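Encoded as structure tokens, here's the structure I'll be asking about.
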Amino acid sequence: MAEVIVSVVLKLIAREVDSLVSQEYRHEVKGLSDDLKSVLRFLKDAEERQYGDVEIHKWVSEIRELAYDIEDVLYMLHLKVQRKRGCFLFFSGTVNFFEQCQQPEQMGCFQEVFCDVFCLGEIKELLRHYMGSRTQYMGIEKCYMARKIKKIRNELTELLNRGQEYNLQESNSVRLLFKNSHKNEYSLQLRSDGEGRSDAFGRLRELIRSTSFAVEENVVGFEDEARTLLDKLLGENQNLFIISIYGISGLGKTTLARKLYHNSDVRMRFGCYAWVYVSQDYTIQDLLRRIINSFRFKTIKMEVLEKMNEEDLGRHLYESMQGRSYIVVIDNLWDKEVWKILNKAFPDNNNGSRVIITTRNEGVIEKSDEGTYFHELRYLTSKESWQLFCEKSFKHFNVDVGMKKQAKLAKEMVKKCIGLPLAIIVLSELLSTKNPEEWPVVHGYLWQHLEDDFFGLHPLLVLNFDSLPYRLKSCFLYLSCFPKDFEIKIEKLIHLLVVEDFIPHVEGYTMEETAKDYIDEFINKNLIQVGQRYWGRILTCRVHNIVRDLAVEKAKSNFLDIYDEAYHSYISSCPRQVIYFNTESSLWLQKCNPRLRSLFLYGEYEFSVPMCKRFSLLKVLVDGSISNDYVTRKSIRLKYLGLKNSFIFLSPSIDFFLPRLQTLDVPRSVFPVNLPSEICESQELRHLIGNFSCVPSSIESLTELQTLRSITNRAWTEINTEMLVNLRELWLVGPLKGLLVFSFDSMSNLTSLRILSVELGHDDDSFGSLQPLSHCRHLVELRLRGKMESLPDNINGVLPNLECLSLRDSRLKDNPMPLLENLPNLKILHLGYRFYSRKKIMCSANGFRRLEILLFDEHKFQIEEWHVEEGALLRLKGLRIPENFKVKIPERLRSLPTPDPREYTTKPPDDVDQYQV
């Protein structure tokens, strides 16, 4: 957002103008600050109005670009003072090179650097005059910087003058949707106040962690359908049985299937289960691989699966499921030819296995297919529609007090939803954010869009978008950067929103926490759907195609351009571009906007960004390849680097210079990669994600670092942690270096730590005392693999806020339960193989008061006696015990459903196989 980046630049000027800017530029830079302050007074009103006014939207975009230019200038001045590279980065060309250029286009990557302030003739004259000595060379810098700053100030003045024509207000008044009495029409200026952090964010923060068992949805109106389908799933028919749930988009097919899939009786009935979502852009091979991964078969390595063809994958799936009792959900199946292939891969084991299919296409399965039950999902009745609306909306109001008129209006609007659950939910979420006095205006607007007695989803979604706080609107539009049916990693989305400057600084919170609040708000408003979970947290999300279409529609106005090589021959001048490609040709890269800020690449092939060396302004690169040439010369603005592979780090000559990098996301490969020492020059680095074998000890200077996942224990022992006070997530793996005991003393400085995972590499390695973790008062997740022998007697004081604990190979000598059951906030407990060296454990009365999930590993399980006293584990919702577990336990525990092993995997979140539930 423009207001965010302008505020960032103003803070940067205030902090560094005296220390980093030499006297010759100080007056001009302070002038820039005054101009920006004048702009800032009007920006809030402009950003609120920009989505309904093309000219204002363009004005805001130009302000944002100028703010970026100012940020670049400040950084150039910073480099000029520091002289880390010995010369000014941009002017590394030679006189001969420019003498040969007859047109600016021949200057290649230097065109965007020079020609914004100089013509080609001036460049040649300057180089002839100044080249020859370092002193003369610096004269070019001075001339360039002076003219650059003057140009920016002139453009700011011009923008301020234009802003006055738009009647922008300095006040923070809230404008409501209004009726035009002359035209009897309703405008789309309805909005809610976007200032600060809403009370809703505080409520949502309390719900950040919840188990999958706590989110089973109340499927209003489908109780009879659910019972009917459960009877089919759990019936006595031992043959393989197919259930096809079909109907139009928005009826709740996936919601109903999810409820069936997570039903406790279903979980107990089947030995293995899988869920796979079929996107529109699927391949049969990828679909088969995802089904295999979802079943979590361990009979073959992923590298082998990747090399299999369609026939081999189908055969492997068929053979892997022989003799197993299974249930699989195939969500959003489109093509009957796909079903013909998949159907052959599901063996009939005569043990009651089931397949559930959701589809919009009734004919995707032949009606003549035996062993298939077809269930057409109906629309809600008027009574059910009103019940659903009230559950979603009227919970915020007292219907009996002053709401009679509004209730009548609401019933009229609900009626026009014709029983479509998604439309009712969108309407209820919209009205729940408005004062009841505004409902008549919403009613009037919707009535303008009635078509066949139904106003459809689009006008509802438009109103929902317009009523978003303005700080959320850019974040919503950013969802269009991802493909249809794409599983979006929440962590990745958060990091992108931060580097795009959509997230404001809020006192007492990190920008990542604020971004997470925004995403929770989208989930609460049903604008995005929860996907995969990871230890109670939401790992991925998905955007409903109807909602994504709206984001794409709104984003086309100078926010983002989507280019598909198969359908387009040009690329627009938008600052963000999403490119879909399916050939090895890279000609389309050369058509990209040279002032591109963000680039998303989606395709099977890998291209190196130096093919577009003119991307000198690029600050976000997602799923791309990059070469050493780009990293060293053209990357001083890059803030987010999401790589498609880790090949760049295998080069022995890598010169890694990314001074403004905030997030580095390297895919986890078979072999860990070494981080170059230059990474420590990225002083703004916040998130370092990958599988790194060697990390420079000077990484301790990265004081902004929040995520370090993962590095070796050996590398960690060489780091002085005193300055890593902002570190929140740390993953360590591998054997210790010349030591047998891992000391937690290094953690005592990490006062912001939330998540800690340590895996020791050798049987002889062991953990020291956990006592130093008492300094980590915010620690909520702890995973330890390795010998420990004992837990601290005061563990409830050492880890008072711990919510998730995983112990593997601990070989504890004493029963850990009396200590663990006193942890006041523990919700998830995983006790892996060899966690305890003896054969008897006991849970006492009133123990584990908040525990919801308890997981025992099957591998090397030695417990022969487990005594559970009455009153223990009262909140337990899920229990995983070995199949051969013969110990007698209370019936209330044995009847609990088994948690999904994919959610509670010991892998890091960036290494978890993607699947949909």
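Backbone N, Cα and C atoms are what each Cβ position is placed from, and that goes for glycine too.
Please treat TrEMBL annotations as automatic predictions, because they have not gone through curation.
Below are the features I grabbed from TrEMBL:
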type	residues	note
DOMAIN	5-85	domain 'Disease resistance N-terminal'
DOMAIN	223-395	domain 'NB-ARC'
DOMAIN	482-551	domain 'Disease resistance protein winged helix'
DOMAIN	596-882	domain 'Disease resistance R13L4/SHOC-2-like LRR'
REGION	892-917	region 'Disordered'
COMPBIAS	892-910	compositional bias 'Basic and acidic residues'
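Mind running through what each feature is packed against?
For the domain 'Disease resistance protein winged helix' (482-551), the predicted model reports an average pLDDT of 90.
Packing against the compositional bias 'Basic and acidic residues' (892-910) from elsewhere in the chain are residues 211-213, 262, 264, 267-268, 273, 294, 296, 489, 491, 532-535, 539, 665, 667-668, 689-690, 709-710, 731, 757, 783, 785, 806, 808, 828, 830, 832, 853, 855, 868, 873, 876-880, 917: each is 6 or more residues past its ends and has a CB under 8 Å from a CB in it.
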Looking only at the compositional bias 'Basic and acidic residues' (892-910), how are its residues distributed among DSSP helix, strand and coil?
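In the compositional bias 'Basic and acidic residues' (892-910), the DSSP-based counts are 5 helix, 0 strand, 14 coil.
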In the domain 'Disease resistance protein winged helix' (482-551), how many residues does DSSP put in helix, strand and coil?
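The composition, in the requested order, is 31 helix, 11 strand, 28 coil.
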